[in-house]
Amino acid sequence: MGILKSSSLGYPRIGEDREWKRTLEAYWSGKIDEAEFTAQLKAIRLGNLQKQKKRGIDIIPANDFTLYDQMLDMSVMFGLVPERYSAYEGGCVPLSVYYSMARGNNDEVASEMTKWFNTNYHYIVPELNLSQLTLTENKPLAAYREAKERLGIETKPVLIGPYTFISLSKGFNKKDIPGIILSLLPLYTQILQELEQEGVKWVQMDEPSLVSSISKDDMQTVTYLYEKLNEAAPNLNIMLQTYFDAVEHYQEVIELQVQGIGLDFVHDKGRNLSNLEAFGFPKDKVLAAGVIDGKNIWLSDLSKKIQLIETLKKKVAEDQIWLQPSCSLLHVPVTVRNETALSKEVKEALAFADEKLEEIILLVKGNNQGFEAIAEKVDANKFTVQTLASSNARNHGNVQSNVEKVKTRNVGRQLPFKERYQKQQEFFKLPFLPSTTIGSFPQTFEVKQARGKFKRGEWTASQYETFVNEEISRWIYIQEEIGLDVLVHGEFERTDMVEYFGHKLGGFVFLEKGWVQSYGSRCVKPPVIYGDIDFIEPMTVRESVYAQSLTNKTVKGMLTGPVTILNWSFVRDDISRENVCYQLALALEKEVIALESAGIKMIQVDEPALREGLPLKKTDRDEYLNWAVNSFLISTSSVEDTTQIHTHMCYCDFNSFMDVISSLDADVISIETSRSHGELASAFEERTYEKGIGLGVYDIHSPRVPAVDEMVDMIERGIKVLDKDQFWINPDCGLKTRGIPETVASLKNMVEAAKIVRENLLAKPKAYD
């Protein structure tokens, strides 16, 4: 009998209680110095390695830890520091420059940030400049040495592979990818040769881009690349790791000159397994089989996993198989152990990072010692799975029958956009280039303290409502003083734009310590869609109506859209995501109608995660987009022509997504452009967009206050390609995470910039033709 091994691709870096986040923020605020910062992060990093070793994982990753983002780490390791960061003079990149690239500073804008494939994790986009390429440090080697010297652990260093790194970078034409990759070859060669000289046995090269719809020419480039890397370091074993879907060119991938291939057998829609059964697997390679879901939080059905393992063993020798999660465990919380408020039924149905590693260990033990050795645990697992399936929460009333009915419903606004937009302009009487914000205002210590008092029962509902009203009133006054044209209530009652709605709807449960990293130090606690979604009562009407009562200006109602709630939650896996999304859409439709009935005539339904849910393969996209767009239309189409529907999106590649955005039929969309340095505006130079649109004129994820002339430039570039009557002025995103002084200063500058451009347009209208 052969022996299966257990492996991990990556472990959550944030800590059980977000220790990583607090360390970063303490350093940024000057509360700790660089030495203390380094020491605290080292303790977290080594602790993560020890936890995996203690659990019995055979092959443990190193260099999955980062000070901010793994793609940013690759950029600085290759010397790719944009010239605008004047403090950088070459060599190893100092922390000050590293964090300026990530967050910006008073004088230098941050690098662009976008979603990591179809997840809610954001990475810093590398800006390529081939003249800068140099290896400033070998971070994978340093991580390997640290683990071995400090803990005696022989690890598997991890780094982003060259094809994926280039595919996700900017600053070049995509047709030049083969040449650009070859320019990086010497640096990757040096990294691997130094690892080989150190005696490293395995290196994990992450190439998730191989699961996207890549061309045959690109696949040939990948083949050549790994042939050269293998020749350069012949005594180093390369594990080419893919995840999030099935590889696009299976037969070519398994013949690459590497010693192991990592495949996702969870999110592959059965394609990796079908290809393996049809075309086999090389006898001289290791199969790193992703059999446990690394992206979702549900307990695995161990009986089904055992069946999958037995199927794999028919094609691959046991001693050539590693069992592992489907992807890095970065995307799930650390441990279920800290969840004390969940019901027994729910808690037993969950598995976070630690529990997923335990599932891997259990399956390896069962295979290597005989599955009778784990029969008792498999039986207990089967009972839990069956209990979950028969739960009343998952079979609630007419919810699922209503979904089937709505699938055949014709959805859409009564009038076409141009006709209803004319009515809306007459109704609202806004100036051209109207200014607004995306929704949230700073959540100060006092706001968080008040929410905590209410949750702990120290305040009554009436006391908390009074506090929220005072914050709304204060910020309505501030917005009027600043001179914004369309106001918002500020969302002070909301912890999170998804979690808040989950608390108001049936079908959700919530975690106490279920934190995952979204970007940088920002961690989110996704709600869990556990059962059928049920609208209970209006969720946002009270605050919106109160805000509107304080001003003669229009106040937008603020909702999170069905697709974003879906994509930013941990979603039940017993029914399709499509059906869950339709359940959400039907609930939100009732909320939109309630807002309109209460006199709120401008309603924003945010869908920042619409693009994020897009399947990685082009052949799968039409189906997703059909139900995603229909879900938005269900939520928003049952309103009067004079009611204006807004939506908001952020951080994704919109240039190739404009047709989908238009099909949402929102009257106004606001989207991110500042971190991409206005590049999105160039998309409108080549194509027409007729609906209302706000191209974010400053980056809210950076603490810097943008200058007036900087925003004037952004606006002027926009109105050269868009009509002034369709152009809105707004920040990139909500302002919840920013401080009050910088928020007020930035918005004052934004309003001033809008005023300057309005005056220029009136004085010299032809200058913008």
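Glycine is no exception: its Cβ is also placed from the backbone N, Cα and C atoms.
Because TrEMBL annotations are produced automatically, they should be read as predictions rather than curated entries.
For the 5-methyltetrahydropteroyltri-L-glutamate site that TrEMBL gives as R18, E19, W20, K21, K115, N120, R522, C523, W568, the extra residue drawn from E471, E480, E612 is E612. Among the candidates D319, D354, D606, D620, the residue that TrEMBL names alongside I438, G439, S440, E491 for the L-methionine site is D606. On a Cα basis, H701 (active site, proton donor) lies 19 Å away from W20 (5-methyltetrahydropteroyltri-L-glutamate binding site). Rounded to the nearest whole angstrom, the C-alpha distance between R18 (5-methyltetrahydropteroyltri-L-glutamate binding site) and H701 (active site, proton donor) is 20. The two recorded residues, H701 (active site, proton donor) and W568 (5-methyltetrahydropteroyltri-L-glutamate binding site), show a Cα separation of 19 Å. Counting in whole angstrom, C650 (Zn(2+) 1 binding site) lies 9 from K115 (5-methyltetrahydropteroyltri-L-glutamate binding site) by their C-alpha atoms. For the pair E672 (Zn(2+) 1 binding site) and S440 (L-methionine binding site), the C-alpha distance works out to 16 angstrom. Other than the site residues I438, G439, S440, E491, D606, same-chain residues with C-beta atoms no more than 8 angstroms from the centre of those residues' C-beta atoms, the L-methionine site, are T437, V488, M497, M558, Q604, H648, C733, G734, K736. Counting every protein chain shown, the number of other Cβ atoms lying within 10 Å of the Cβ of R522 (5-methyltetrahydropteroyltri-L-glutamate binding site) is 12.
Distance from the CA of C733 (Zn(2+) 1 binding site) to the CA of S440 (L-methionine binding site) is 9 Å.
Checking each of the binding-site residues K115, I438, E491, R522, D606 against C733 (Zn(2+) 1 binding site) by C-alpha distance, the shortest gap belongs to I438.
Every protein chain considered, the tally of other Cβ atoms within 10 Å of the Cβ of E672 (Zn(2+) 1 binding site) stands at 26.
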